[in-house]
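> Below are the features listed in TrEMBL for this protein:
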- HIS270: active site, nucleophile (ACT_SITE)
- TRP168, GLU178, ASP198, LYS200, 261-272: substrate binding site (BINDING)
- 1-32: compositional bias 'Basic and acidic residues' (COMPBIAS)
- 1-38: region 'Disordered' (REGION)
Amino acid sequence: MANAAAKREIPTAENKDVPGDAKRVKTDRTDGRDEEEEPECENVLCGFQTSSVLSDSAREKLLFVHGKIADQEAVVVLEKTPIREDALPELFARSTLRLEMRNDIYSTYRLQVPPHLNEIKTTVVCPATQKHLKKYQRQESFLVEETEQDYESITLPYIQQQSFSLQWVYNILEKKAEADRIVYEDPDPELGFVLLPDLKWDQKQVDDLYLIAVAHQRGIKSLRDVTSEHLPLLQNILQKGKEAILQRYELPGSGLRVYVHYQPSYYHLHVHFTKLGYEAPGCGVERAHLLSDVVQNLRADPRFYKTRTLSFPLRADDGLLGRFREAGRL
Ligand code: M7G
């Protein structure tokens, strides 16, 4: 049986004090509208022409598809959402049960549930670049050990030429996109940040909670750029990010994994906040650096991340891997 707290719905102002069964399933919308009242949007996918499946995972119930939307390259990510505990009464009462087999005390069925309990979280990237296609394509990975010198001569020149656009980040900071999704903001230009749900989280349950804190300060590309000078910023994100998550989702800091990626996909300082028990993509030791460790390391050595060798995985056709190979570093 799933842990009740883990599978619980997202607390909202409306449902916070209502006893279990009477709770209504709502997202944390700030405009007061109910999920059922959300307007349907134009189905940009109805003419989607599939080219190939980039990768899939039956275990994670996830599929990355490459195709075209009106002649533009696109990547569509389809992901079956977790079953919510609070939806169980309706799921059992209002579904159709079809028997597959029965043997002694064992029986298996197909439960055909009402459509709103059987949604697929869908992410669309359009127009998608070749770099997006590579990001989502399943590939073998190789661990690279990057010295300070490698960063200066190989990685830095590469990321200066080849990185993903940061437009979506600036749109968040300037409130041109996702403004209604902001969970918390500290507007200070030096120490401040915007905390909001990650693209990957549908906010339906705390079980797979995933938020990102995007620093207001520009120009900090990655972990390699942070020094003790940035300690006040990092500590502010760690402390206020946790407080905001406790306030909004009733999840204490001890239930969170707070980390940065090295290498990130987007070279603007941002911090990942995920639920501890949730194995978020990219939370493995080869890529995720706990923010609390980062703070401690910088306290011990102000230039820790400038000088030490950092390991990270690169996918087989990543251009950066090619550069490491050309330089004889792999
Ligand atoms: P990363 O460490 O740079 O790379 O993290 P990764 O994507 O390989 O993990 C960037 C994080 O930002 C990821 O967790 C993305 O899911 C998230 N993200 C990316 N985009 C384009 C958006 C967006 O437009 N909105 C939001 N809210 N999150 C995004």
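First residue shown is number 1, and so on along the chain.
Cβ from N, Cα, C; glycine included.
Unlike curated records, TrEMBL annotations are generated automatically.
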> Cβ under 6 Å from ligand 1: which of the binding-site residues HIS261, GLN263, SER265, LEU269, VAL271 qualify?
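From HIS261, GLN263, SER265, LEU269, VAL271, counting a Cβ under 6 Å from ligand 1 as near, the near ones are HIS261, SER265.
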> Can you count the other CB atoms that lie within 10 A of the CB of HIS261 (substrate binding site)?
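Here the count is 18.
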> To see if you understand the setup: which same-chain residues, six or more apart in sequence, place their Cβ under 8 Å from that of GLN263 (substrate binding site)?
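The answer is THR155, ILE159, SER222, ARG287, PHE312, LEU314, LEU320.
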> Provide, as an integer number of angstrom, the distance between the C-alpha atoms of HIS270 (active site, nucleophile) and HIS261 (substrate binding site).
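Distance between the two Cα atoms comes out at 9 Å.
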> How many other Cβ atoms are found within 10 Å of the Cβ atom of VAL271 (substrate binding site), counting all protein chains shown?
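I count 21 other Cβ atoms within 10 Å of it.
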> Determine the most Cβ-crowded residue among the binding-site residues TRP168, TYR267, using a 10 Å radius around each Cβ and all protein chains in the structure.
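Counting every other Cβ within 10 Å of each candidate, the maximum falls on TYR267.
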> To see if you understand the setup: which same-chain residues, six or more apart in sequence, place their Cβ under 8 Å from that of SER265 (substrate binding site)?
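The answer is LYS135, PHE164.
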> Are there residues of the same chain, six or more positions away from ASP198 (substrate binding site), whose CB falls under 8 angstroms from its CB, and which are they?
TYR210, LEU211, ILE212, HIS272
